[in-house]
Number of protein chains: 4
Amino acid sequence: MSGNSFGKLFTVTGFGESHGPALGCIVDGCPPGLEISEADLQTDLDLRKPGTSRHTTQRREADQVKILSGVFEGKTTGTPIGLLIENTDQRSKDYGKIMDRFRPGHADYTYQQKYGFRDYRGGGRSSARETAMRVAAAGIAKKYLREFYGIEIRGYLAQLGSICTETASFDWDVVHQNPFFCPDMALIPELETYMDALRKEGNAVGARVNVVATGVAPGLGEPIFDRLDADIAHAMMSINAVKGVEIGDGFDVINQKATQHRDEITPQGFLSNHAGGVLGGISSGQDVLVSIALKPTSSIRLPGRSVDIHGNAVEVVTEGRHDPCVGIRATPIAEAMLALVLMDHLLRQRAQNPQPQTTTPIIPNKCV
Amino acid sequence: MSGNSFGKLFTVTGFGESHGPALGCIVDGCPPGLEISEADLQTDLDLRKPGTSRHTTQRREADQVKILSGVFEGKTTGTPIGLLIENTDQRSKDYGKIMDRFRPGHADYTYQQKYGFRDYRGGGRSSARETAMRVAAAGIAKKYLREFYGIEIRGYLAQLGSICTETASFDWDVVHQNPFFCPDMALIPELETYMDALRKEGNAVGARVNVVATGVAPGLGEPIFDRLDADIAHAMMSINAVKGVEIGDGFDVINQKATQHRDEITPQGFLSNHAGGVLGGISSGQDVLVSIALKPTSSIRLPGRSVDIHGNAVEVVTEGRHDPCVGIRATPIAEAMLALVLMDHLLRQRAQNPQPQTTTPIIPNKCV
Amino acid sequence: MSGNSFGKLFTVTGFGESHGPALGCIVDGCPPGLEISEADLQTDLDLRKPGTSRHTTQRREADQVKILSGVFEGKTTGTPIGLLIENTDQRSKDYGKIMDRFRPGHADYTYQQKYGFRDYRGGGRSSARETAMRVAAAGIAKKYLREFYGIEIRGYLAQLGSICTETASFDWDVVHQNPFFCPDMALIPELETYMDALRKEGNAVGARVNVVATGVAPGLGEPIFDRLDADIAHAMMSINAVKGVEIGDGFDVINQKATQHRDEITPQGFLSNHAGGVLGGISSGQDVLVSIALKPTSSIRLPGRSVDIHGNAVEVVTEGRHDPCVGIRATPIAEAMLALVLMDHLLRQRAQNPQPQTTTPIIPNKCV
Amino acid sequence: MSGNSFGKLFTVTGFGESHGPALGCIVDGCPPGLEISEADLQTDLDLRKPGTSRHTTQRREADQVKILSGVFEGKTTGTPIGLLIENTDQRSKDYGKIMDRFRPGHADYTYQQKYGFRDYRGGGRSSARETAMRVAAAGIAKKYLREFYGIEIRGYLAQLGSICTETASFDWDVVHQNPFFCPDMALIPELETYMDALRKEGNAVGARVNVVATGVAPGLGEPIFDRLDADIAHAMMSINAVKGVEIGDGFDVINQKATQHRDEITPQGFLSNHAGGVLGGISSGQDVLVSIALKPTSSIRLPGRSVDIHGNAVEVVTEGRHDPCVGIRATPIAEAMLALVLMDHLLRQRAQNPQPQTTTPIIPNKCV
């Protein structure tokens, strides 16, 4: 229990079920003086929200966030910020069929075993619906990081099923111009064809999402346990459907030699960034590079073998509205979690060291 | 700062530098009544300790752990358990050369930037030397999990450089019979040849380590943030040199269809374990499957470009004694971190639910 | 920052300003299966709410609480419980006069210095208005403690100014039958006369509130720092206007001899309860006795010397609606905080010891 | 369990029993660059240590502290500081008589009930012996607060039994010149006579200790729960034998009018300090005034009625060596706890606000 808070100094605590009256969270620890409005938070919420293309769930939610406290005359006051989003388009009747049975590969079974019973409507608390509040809360962190520290956090869909989007014509500018968060417009037709076929089949598929933070100063991260990369791993793995997390070269390091992996340093910059911006659990000043793997949702139309709450064998077919690829909408969520980690560690580093003490010059963040 | 504690109810807090007088930790939250002795903790410490084969660092440490408190008449009392290991084989002079320069790919640079100066002897706090205390502390958790819950945690070296050890003749019984934690004795000659060449070359290589927990009941994990898999990811990524973490199929899920990934359920058992024993952040009762990627150490004899603390370009050659593949000794460390996570979540689940409340039968942990 | 959460396993996190749109909190860590409704929480809220007698502030708030999550089909699900209370009777214009000056003895000055600026309307976050959420959240804990453990928590006004209410005709049953939470109806006229004069004078006065928990089993409390009494002291001192906390005999122990203070034990019960139910930071099974001192509010009509935000000398007169004795409404708040502490420690003790292990008979909780 | 850590950013975690081989603690979160040596910590340890006069326990402990990590070339490195004190003068045989019985008023009974069995030698973990580590850890905080912020923390014995020491001839300079921490040398003969008689009688008595922090800037404290005064109350009540805590006027506020209690403000300073330096849970810049009540120890020679672990009625006489007034040695312990709270909140405030943002002039800390 009490696992619904994230962050030590910049703390986000959330509540809310998929089909409850509302979702909410409390952002505790935001420094005073940040200019913030509901509009600032809405931008990312709109990127995440459902029903914006035929390739995501058809549930229609405005996801309008309300700021209930902690902001006075347009500025944060240093007191906790209460955020609320009302649910408007629940369709709980779709779930009558699964109230007494478990979707294979879904949290239905584990929630039942952990809590003894469960809110089955739309998956209750286990639904990715709660990630709306992560995105809303992170909107505050993102703005603070950008305005006071020049830190930018951006993500994109790196792979969908077998389609890799990291092509030669990678372009950050187009990521928000298509419903897939794809960095190469040339791939959109292929992605659409693939998703249309998948939807028709009633199946789902996995995806990879990459997130990059630029402008992170050296020194963030608190070894030995609260390393920056360890907290990033925690944050990313806490996102629904994520099964793997990589920093920098990730699993490629297994077959790398030291001479190949180590990022050599020159006064003008690093010669590479295999480390992904983290050394010894502390940011190096290079871009922070994170990659995550998202599994296919288990809520599909194709029948699967399972059991009911009495332990009897049953066949499960999921109705209701679902994302055939949850990875698509995961991009703003992954950005959000990275923002929360960086904001928290920024405050922790500030506590330790309000003014940098080192006289060692900082290596420029560029690969020369 | 204050990032040296792990766990919420079973809390391990550590201290100690590679070349300081001693390493220690405090295990706070161990329930009373567990029979424990220094010998119980020594077993895993001896598996991790350096100098046991020519393939690891030649530093000789007995790694003899002392229990200083929390145990009375052979049983834990419920009060904090103080553990201490004295360092005996420091050779700090080896490090004179790097006191004012940064090994590329090493924490030297980030520690200098974060703290303003650093204990350069053997890497100070950033050295994997501290992991001895993780293994010692986890020895208590492992014994508790085994004796009171029948949970077993085992790991092995899954890949070293390009050599994959997950062969058809996988055998748990041989893992501790060779210095590589390799599950297939037939591969030992190949591994030795590879490591001898690597050592001769003065280079280092990465590795993959897998860890499995068996006997974990359904219900461990505290969504939405303190999910079991999220805490595992945090724990694993906090181990020195780890750059990637996977649960179950990990990054393979990207190209999986839902019908392929979801683990179908029958009253007799699950039909597969792609999920790796965690659904919705909560244990399912299946084996918990974790895989991590470890980078090659950056402390190698081959020269690399870098800068000194004044920002001048220098060439760095690392002397001193180092593991050409830190992944080899990482197996007991990865087991230790998984044990700490499971122990902590077991206590958290006990707080919520001293007696299981569900009437839903538990699916047997076997793949039928 | 991030000081708005209370409790380690039963965690309450709050937000909201006196004159903002709403107050709210998240109760994270409530075990599943507790039957709870908004009506259950309303009882105590109505005891605390303003405007119920001429002796408290005339601000009229319905303090209607809404449960937004964590409860399904009338039972807690184990997921976080979101609670919301809308503000309806703000009268912010009253505060125009103090927006740029500091009430002597008020948080105005310290909030300004800490945060750089402040929401001056009704005291913003520093107003006792936020205690409504403490009472709402504790309603859940109180019900759980009562239904599953037979623990009862009750408080009363022990002293108002110079009027001590702990008379020979002490009667728990009348405490909720008068606006003062006074245990002796015979004193009501005297209290009313006193308060009427005080209001007329435009002044305020302090008070003492006592709280008692009955039915607490031995074993709650986590030495050495998270002692039960230490957490109670923390909880009580976190209530607005509290300047002192006592457990059992409190400050009377200074002049007690050991033979006088120690509570002797017989198999039939303890011979006294000077300790107030806590020994070595752990509950003894006797009643937990807590007493707190509340200062007079600093928001009064009588002019006082102060400075404005530019440091100029000014005279301050507080308009707006205020309690001439904040101690009166503090009784349900003090009960609430004791309930939160006991609930949290109950869960912590359950984690350590799901089934009592001791074979030592428990001393009955009665003074023989 | 896991209640042995104190502080959120400056975190002290301790271990050790009265008759175990050693006591220790880990100070995690000390900023780098503080010059610190074992000698710096020894000063306060020597003030607290037993056996220095006939008025305290005759147990002889050198209480020599060792720094095992976190300090390099005489300066803190920012990594955790491990501290160790070896026990040298245990005399466990004295306790054979109470191994199966409970001293009335002692933690014997509650530890037995909580943990199922206990280390009865010298009270095990419940002994005030552990406070040595609090004093050692706080020595680091005290030095940091003094050197970087000019904060001084001083305490004294304010009352012993019926003897009040706050006389007209109060003198800080003599507090450390007598074994009672008494601020008036003229009272020493009276105190000695009193204590000699008490010791002869085989009884014990309570005491009051006051602590003052000077030089605390406005802005420390994190409402609404982690108020500065709330954390002070927690810290003080966590000290063995403490039954009451007051801030400023404490319980005297009950009978104060607002006009009497509120500290009026002028540009030159405050007109009084009834608040004790805390308003709304945040430091005001005035001296922080704390007062605590300590009960008489329950370990006395005079027989008392009790039960044994089987519930049988017994008579208990305590042998072994004990303080007839634990309040005497409590002065450095109370200073230590106040230092830990201020250090933690200083870091928390730094995280929020590295550079003061307010333009409001700070009121000088003097009563004009």
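In case you wondered, yes, glycine gets a Cβ from its N, Cα and C as well.
Using a 10 Å radius centred on the Cβ of D:Arg48 (NADP(+) binding site) and all shown protein chains, the other Cβ atoms total 22. Under the heading NADP(+) binding site, TrEMBL lists D:Arg48, D:Arg54.
Among the features that TrEMBL reports, FMN binding site is placed at D:Arg125, D:Ser126, D:Ser127, D:Asn240, D:Ala241, D:Gly280, D:Lys295, D:Pro296, D:Thr297, D:Ser298, D:Ser299, D:Arg321. Spatially close to D:Ser127 (FMN binding site) yet at least six residues away along the chain are D:Glu17, D:Ser18, D:Asn240, judged by Cβ distances under 8 angstroms.
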Other CB atoms within 10 A, centred on D:Arg54 (NADP(+) binding site): 11
In the chain carrying D:Arg125 (FMN binding site), residues 6 or more apart in sequence that have Cβ under 8 angstroms from it: D:Gly16, D:Glu17, D:Ser18, D:Tyr111, D:Asp119
Site extent for FMN, whole Å (max Cα pair distance, D:Arg125, D:Ser126, D:Ser127, D:Asn240, D:Ala241, D:Gly280, D:Lys295, D:Pro296, D:Thr297, D:Ser298, D:Ser299, D:Arg321): 44
DSSP state at D:Arg54 (NADP(+) binding site), helix/strand/coil: coil
Cβ neighbours of D:Lys295 (FMN binding site) where a neighbour is any other Cβ within 10 Å: 30
Number of Cβ atoms other than its own within 10 Å, given for D:Ser299 (FMN binding site): 26
Within reach of chain C, those binding-site residues of D:Arg48, D:Arg54, D:Ser127, D:Lys295, CB-CB under 8 Å: D:Lys295
Cβ neighbour count (within 10 Å, all chains shown) around D:Thr297 (FMN binding site): 27
Sequence-distant neighbours of D:Ala241 (FMN binding site) in its chain (C-beta under 8 A, six or more apart): D:Ala128, D:Leu294, D:Lys295, D:Pro296, D:Thr297, D:Val326, D:Gly327, D:Ala330
Three-state secondary structure, which DSSP defines for D:Ala241 (FMN binding site): coil
Near chain B - the binding-site residues D:Arg54, D:Arg125, D:Ser127, D:Ala241, D:Thr297, filtered by Cβ distance under 8 Å: D:Arg125
Residue pair D:Ser299 (FMN binding site), D:Arg48 (NADP(+) binding site) - Cα distance, angstrom, rounded: 19
